[in-house]
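Copied over from TrEMBL, here are the features:
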type: TRANSMEM; residues: 6-25; note: transmembrane segment
type: TRANSMEM; residues: 46-64; note: transmembrane segment
type: TRANSMEM; residues: 70-86; note: transmembrane segment
type: TRANSMEM; residues: 98-116; note: transmembrane segment
type: TRANSMEM; residues: 136-153; note: transmembrane segment
type: BINDING; residues: 151, 216; note: Mg(2+) binding site
type: TRANSMEM; residues: 160-177; note: transmembrane segment
type: TRANSMEM; residues: 183-200; note: transmembrane segment
type: TRANSMEM; residues: 212-234; note: transmembrane segment
type: TRANSMEM; residues: 246-266; note: transmembrane segment
type: TRANSMEM; residues: 287-311; note: transmembrane segment
type: TRANSMEM; residues: 323-341; note: transmembrane segment
């Protein structure tokens, strides 16, 4: 199957499956209803993730050589998507979700031998190789972190799909440049599979009547796929597509938003997993930006940070420099987000002052 035919096939399968799953979702109640946190109108089918998952599993069934350990990846993804779909329908406990995610992490480590054991040259001339117990714990935290980071950004139309496309697009480029063509094609096809969802989520071309949401099933699937590919890309025994620090830049905004919001909740004495409307996309809207403006601004910022990561990889910038640069970027982000209302109040006072002169 040529690449062009594969792209067209994936797009059509994803597009058609969305309409099939929409009807099923409406019959079984797999829909998102408005509440105090969710300000959309009407009951929206939560089938974007199910459609993307179905499409990519069909791709792997037809071309299993795209990935290493495709059966393990598909099995882990299937379990997570099922749990996500059950959560979408019945709203299960976050503790149960965390347990399942931890178990999936252990399956990755034990059966697939996929773990974060080499952090690269973050501190200088010596590579950091982790002891096995530390590696296992870090991998579990990384899997849970990636899944929840992408789950948390699914707050305005198009944002999850846009940020995921940035990450998979950046990974695909680096896989391709390092000769890992199967993984590069997989990333490209995954972005293609998300396009129909993004279109319907934004109301194009059929308007709000056919709107769909990704659902927890989709955000969990995307987050898991991101961390799976990042581990493959950075932890290979023979060949790697990226250095470990580059992974931070490819998922910079979802990661920073999650860490920032969790720190803020813990400082308030709340559960770090308690839902609220304090994420970056919510703050952008409270500052007066429309959802489309917020989408463009956030995706542009994420794209810029991913581009920095790609550039640093190609230019072979020292890993410790890129690590400290990332920490500095996060510190700036954290400071701004913690003081956003003081900053905006100060700027508004200045604007009023200059207008009065």
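Here, residue 1 is simply the first one shown, and the rest follow in order.
Cβ coordinates come from backbone N, Cα and C, glycine included.
Please treat TrEMBL annotations as automatic predictions, because they have not gone through curation.
With a cut-off of 8 Å on Cβ pairs spaced 6 or more residues apart, the transmembrane segment (6-25) and the transmembrane segment (183-200) reach 3 or more such pairs and are scored as touching. Segment contact holds for the transmembrane segment (212-234) and the transmembrane segment (70-86), given three or more CB pairs below 8 angstroms at sequence separation of 6 or more. For the transmembrane segment (46-64), the list of distant contacts is 1, 6, 10, 13-14, 17-18, 21-22, 24-25, 30-32, 70-71, 73-74, 77-78, 81, 84-85, 88, 161, 186, 189-190, 193-194, 196-197, 200-201, 212-222: same-chain residues at least six beyond its ends, Cβ to Cβ under 8 Å. Beyond the ends of the transmembrane segment (160-177), by six or more residues, the same chain brings 48, 150, 153-154, 183-188, 190-191, 194, 197-198, 201, 214, 218-219, 222, 225-226, 229-230, 233, 241-242, 246, 250-251, 253-254, 295, 298-299, 302-303, 306-307, 309-310, 313-314 to within a C-beta distance below 8 angstroms of the stretch. If one looks beyond the transmembrane segment (323-341) by at least 6 residues along the same chain, the residues whose Cβ comes under 8 Å of a Cβ in the stretch are 122, 245, 248-249, 252, 256, 259-260, 263-264, 280, 283, 287, 305, 308. Long-range Cβ neighbours of residue 151 (Mg(2+) binding site) (same chain, at least 6 residues apart, Cβ-Cβ under 8 Å): 216, 219, 220, 223.
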